[in-house]
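Accompanying notes for the structure given below.
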Amino acid sequence: MAQLFFRYGSMNSGKTIEILKVAHNYEEQNKTVAIFTSGIDDRDQVGFISSRIGLKREATPIFSDTNIFEIVVNIKPKPNCVLLDESQFLEKEHVFQLAKIVDELNIPVIAYGLKNDFRNELFEGSKYLLLYADKLEEMKTICWFCAKKATMVLRVDDKGKPVYTGEQIMIGGNDHYYPVCRKCHANPPIK
């Protein structure tokens, strides 16, 4: 029986590389996957997932008006698995569509994303995935500064100073965000 998985972790926890690995494993067995990513994440190129170690793959971009269920139901042959990157950027309705894919099409869905933002508040997509996922799995990495387990994301400005207010979504990578533990989020050892 198919399930909805939410695999969440801080920055640099290997979420995208895990998607690429899972896709490879399915395809190695002559099974098909449908890969989606946020249409607002344009760090590399819209419609692609790209890992920090340089691996890249095409993916269907999700925008506010995208109906993920309708896209998946029309894929022939029916995919054996649906994979999503940057799922923190999903909207509530998108999460309901993912649950519908699992419940009505019996296709497993694995969503990967951040749980919380730089203010340590939940993203909309993460909130509803936490509520509706059948299985929650934490992907771990270490704090940028002290090597404890990273559970938060620290945003820094162009001068490298910590930022705790502002718009929730600002697309960026290691130049503006760091995986950190709770202690280093509150008092980052930045000069």
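Yeah, the Cβs are placed from backbone N, Cα and C, and that goes for glycine too.
According to Swiss-Prot, the protein carries these features:
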type	residues	note
ACT_SITE	GLU86	active site, proton acceptor
BINDING	GLY9, SER10, MET11, ASN12, SER13, GLY14, LYS15, THR16, ASP85, GLU86, SER87, GLN88	ATP binding site
BINDING	CYS143, CYS146, CYS181, CYS184	Zn(2+) binding site
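All features noted in Swiss-Prot, drawn onto the structure.
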residue: GLY9; record: ATP binding site; DSSP class: strand
residue: LYS15; record: ATP binding site; DSSP class: helix
residue: GLU86; record: active site, proton acceptor; DSSP class: coil
residue: CYS143; record: Zn(2+) binding site; DSSP class: coil
residue: CYS181; record: Zn(2+) binding site; DSSP class: coil
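Counting other CB atoms no more than 10 Å from each candidate's CB, the binding-site residues MET11, CYS146 peak at MET11. Largest CA to CA distance in the ATP binding set (GLY9, SER10, MET11, ASN12, SER13, GLY14, LYS15, THR16, ASP85, GLU86, SER87, GLN88): 15 Å, whole number. Taking the mean position of the Cβ atoms of CYS143, CYS146, CYS181, CYS184 as the Zn(2+) site, the remaining residues of that chain whose Cβ falls within 8 Å of it are ILE142, TRP144, PHE145, ALA147, LYS148, ALA150, VAL180, ARG182, LYS183, HIS185. Of GLU86, CYS143, CYS146, CYS181, CYS184, all annotated as recorded positions, the residue with the shortest Cα distance to SER13 (ATP binding site) is CYS143. If you compare Cα positions, CYS146 (Zn(2+) binding site) sits closest to MET11 out of the recorded positions MET11, LYS15, GLU86, SER87. The shortest Cα-Cα distance from CYS184 (Zn(2+) binding site) to any of the recorded positions (MET11, LYS15, GLU86, SER87) is found for MET11. Within 10 Å of the C-beta of CYS184 (Zn(2+) binding site) we count 21 further C-beta atoms, all protein chains included. Applying an 8 A CB threshold to same-chain residues 6+ apart, the list for CYS143 (Zn(2+) binding site) reads LYS149, ALA150, PRO179, VAL180, CYS181, CYS184. Fewest Cβ neighbours within 10 Å among the binding-site residues SER13, SER87: that distinction goes to SER13. Here the CA atom of GLU86 (active site, proton acceptor) lies 9 Å from the CA atom of LYS15 (ATP binding site). Proximity of GLY9 (ATP binding site) to non-local residues of its own chain (separation of 6 or more, Cβ distance below 8 Å) is seen for LYS15, LEU114, LYS115, GLU138, MET139, LYS140, THR141, given in sequence order.
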